[in-house]
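Feature annotations, reproduced from Swiss-Prot:
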SIGNAL    1-21  signal peptide
REGION    22-97  region 'II'
CARBOHYD  ASN23  N-linked glycosylation site
CARBOHYD  ASN68  N-linked glycosylation site
CARBOHYD  ASN93  N-linked glycosylation site
REGION    98-176  region 'III'
CARBOHYD  ASN146  N-linked glycosylation site
CARBOHYD  ASN156  N-linked glycosylation site
CARBOHYD  ASN162  N-linked glycosylation site
REGION    177-185  region 'IV (linker domain)'
REGION    186-271  region 'V (Cys-rich)'
Amino acid sequence: MQAACWYVLLLLQPTVYLVTCANLTNGGKSELLKSGGSKSTLKHIWTESSKDLSISRLLSQTFRGKENDTDLDLRYDTPEPYSEQDLWDWLRNSTDLQEPRPRAKRRPIVKTGKFKKMFGWGDFHSNIKTVKLNLLITGKIVDHGNGTFSVYFRHNSTGQGNVSVSLVPPTKIVEFDLAQQTVIDAKDSKSFNCRIEYEKVDKATKNTLCNYDPSKTCYQEQTQSHVSWLCSKPFKVICIYISFYSTDYKLVQKVCPDYNYHSDTPYFPSG
């Protein structure tokens, strides 16, 4: 003999609390445990994806066939079934909530200051034309990014003359005295550390028409040379010093590249 009592407590909140109590006789078991078990019934209920689940439906299927053991009358209204599109939308929304937040894209590491701008062959050139000489000098500067840089020169000349191309500090005085061209002050030598790394000179001779008199044939010498300097810090600014001497023409020129273009550190000349 068993007795079961059910109480429904209606509170102010829109939640229904269901309280059950059961008295079992000796050796007896709950009628709920005898009839199929709640585990399999609940599993069957929660796996139905085409019907809405409610507390009334859950209790009505769990206690089906047990009308004599309870005085609780639960009304069940047939829910409005979901469409297939609604189910797919629900699955998609639940999946989106479980996906981890995407990582912010990292910016690529850019090393600044390692490679500076370079002067190409077209950035520096010197073209000298006289009656007896045709001269073209081109150069470029390359910063290796490791504290050193190289200066390259190409020299092409046809005719007779004496050409000298060298690197000097900005304080080098422009003058025609040959003895002063290779002298560097002691204070400048500390901030000017350059040496010749490579040098090559090719010469050839040929007889061509003279520039001053096309009716005559003149002996002309063709010279092609390549030279490179390797400079290392500490240094401030280097200048290119060109001196040219011939029987009818004399030229001395000092060219200092725009160091503000070549380096991140501005250079302000003094003196």
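Each Cβ is built from the backbone N, Cα and C atoms, and glycine gets one as well.
Cα-Cα distance from ASN162 (N-linked glycosylation site) to ASN156 (N-linked glycosylation site): 12 Å (rounded to the nearest whole number). When the Cα atoms are compared, ASN156 (N-linked glycosylation site) and ASN146 (N-linked glycosylation site) turn out to be 31 Å apart.
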